[in-house]
């Protein structure tokens with residue numbers, strides 16, 4: 001794990017690792033940063049210059065030659081300069097040529113600070129005495145972007161370590177709110193869903209007003225017209241909030257969302273009422289099988305185990321191997337350049353004699369065995385297994401819930417004829433009889449998702465390419481695979497319902513479900529999307545409300561608990577975690593309702609085809625459900 005998080009110096013030691021001499025030295029310093037532009041970086045994945053851990057960057061400009069001249073007068077320049085030399089080196093009178101050849105010290109040190117200059121600022125400072133320093137900052141930060149990313153990653157890990165308990169409290173609050181929401185849905189489905197719709201509309205309307213107000217104020221301030229592209233990536237998100245373009249983007253996005261919701265409600269208001277009635281009927285089934293509300297916890301635990309396995313395996317693969325050292329030659333024609341070496345025996349070899357100034361420097365962690373050469377393939381295999389396991393866990397949950405709700409639907413007398421422990425019985429059947437079908441459907445979806453990930457990777461590699469035809473073809477493939485993934489998810493979901501009802505294999509169940517849906521395509525078009533839309537608004541309301549509370553907490557705006565708020569580098573790290581986690585928790589609970597509605601709908605369609613309502617073949621649906629879904633034929 002340390003090999004992935006912490007930067008590593010030329011001796012293979014970790015910068016900033018607690019319990020080591022480098023505990024307070026978390027910054028990686030390069031003797032000659034310009035050497036990082038050498039093509040050898042692409043081969044060795046390591047900059048061919050000495051690197052060492054320091055506590056802070058230089059804050060002054062100095063050269064080794066000037067330091068030696070001043071050393072004859074006072075030792076103060078040397079005491080500062082030696083901080084950036086190799087540990088243990090204390091010979092300021094050593095000739096400059098030998099020092100630079102052996103890389104005992106850097107030839108110069110350049111002051112460094114965070115680079116936040118816009119194009120206008122650079123133009124204003126052109127010709128100024130600070131121009132050289134700014135340009136040095138631009139070069140330095142541009143080349144060391146990867147190192148900065150590692151430092152940001154370390155700070156994010158520290159933020160998680162400092163706020164994990166508060167993140168868990170926020171997720172527990174989201175869990176309680178979601179549970180209360182679903183329990184209220186049983187008794188006040190219509191009122192609660194209409195309240196959710198109106199609340200979301202009002203919240204978005206407030207967001208539009210606030211974004212317009214901020215945009216109007218910033219548009220009048222000088223310097224706020226700098227674009228996001230000009231300032232680039234910044235870890236401090238408050239920098240973007242001082243730009244008028246940021247609020248304009250928010251404004252356009254919120255207006256689009258608000259208009260979409262209003263259009264849906266205006267043109268589909270009758271279907272919204274039917275969908276609300278269907279959710280009310282589904283809440284009855286949930287009330288008779290209350291254990292289904294807690295099944296998402298089982299799914300969450302299984303997914304947590306799966307994610308933990310994937311993460312641990314990925315970290316072990318990424319950090320496997322020993323420290324590899326290679327010869328870094330000062331001369332370009334050295335025959336030993338980029339060859340592996342042993343730092344303990346390097347001085348005893350003839351490499352230093354053949355190539356003066358050559359050093360045995362740490363390159364990377366890994367190896368040169370076939371195992372290490374195929375690490376990328378192993379990582380892809382690990383990713384495929386992860387996707388397969390995740391989709392299997394989701395398929396198991398869908399099949400289990402479908403079996404439980406199907407037992408409710410096909411019971412002649414409700415709730416007397418509902419089997420005892422329907423959820424446990426359905427879970428046992430799925431594990432015992434349908435594991436192969438669920439695994440097969442999950443594998444198909446995992447292969448499509450894997451193809452999409454590979455296409456995204458290729459697209460990122462071809463962003464700078466000038467081949468328009470290749471980019472166009474790749475874009476078409478991405479679109480096709482996205483549509484294919486959506487279609488397979490839809491078909492798998494309905495296939496699992498048919499598996500839970502009849503117990504047939506995956507292919508047969510998928511075919512039967514597809515034919516049944518095509519024979520009832522009007523009802524599908526009416527109810528499927530509208531029901532998902534209403535449940536989506538509920539998820540947004542829960543995640544948004546918990547997110548607002550978390551925002552005020554982590555920004556020290558709640559006076560009661562202000563002293564308990566941990567000190568963080570980036571408050572958006574726990575904030576985004578709480579918002580995303582709250583949405584996933586709400587999604588877990590609402591997925592029970594969505595599965596209930598889909599199961600009742602397929603059972604209803606099957607009931608209509610198998611029975612005609614006569615005493616010999618009575619409908620097994622409730623009278624209210626029959627009246628609800630019959631309305632869809634007229635809308």
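Glycine residues also receive a Cβ, built from the backbone N, Cα and C atoms like all the rest.
Residues 164-184 are the range that TrEMBL records as transmembrane segment, among 122-142, 143-163, 164-184. When the ranges 533-556, 605-628 are checked against TrEMBL, the one recorded as transmembrane segment is 533-556. Checked against TrEMBL, the range among 468-488, 489-509, 510-530 recorded as transmembrane segment is 468-488. Counting Cβ pairs under 8 Å to the transmembrane segment (164-184), the top-ranked stretch among 191-209, 533-556, 568-586 is 568-586. A Cβ distance under 8 Å defines the sequence-distant neighbours of the transmembrane segment (533-556), meaning residues of its chain 6+ beyond its ends; these are 163, 166, 170, 173-174, 177-178, 181, 193, 196-197, 199-200, 203, 261, 264, 272, 275-276, 279, 562, 565, 568, 571, 574-575, 578-580, 582-583, 586-587, 590, 593-594. Stretch with the largest number of CB pairs closer than 8 A to the transmembrane segment (288-310), among 191-209, 247-268, 385-410, 431-448, 568-586: 385-410.
Same-chain residues lying 6+ beyond the ends of the transmembrane segment (431-448) with a Cβ under 8 Å from its Cβ atoms: 384, 387-388, 390-392, 394-396, 399, 481, 484-485, 488-489, 492, 495-496, 499-500, 503, 505-506, 509-510. For the transmembrane segment (191-209), the residues of the chain that approach it from at least six positions outside its boundaries are 181, 184-185, 250-251, 254-255, 257-258, 261-262, 265, 276, 279, 534, 537-538, 540-541, 544, judged by C-beta separation under 8 angstroms.
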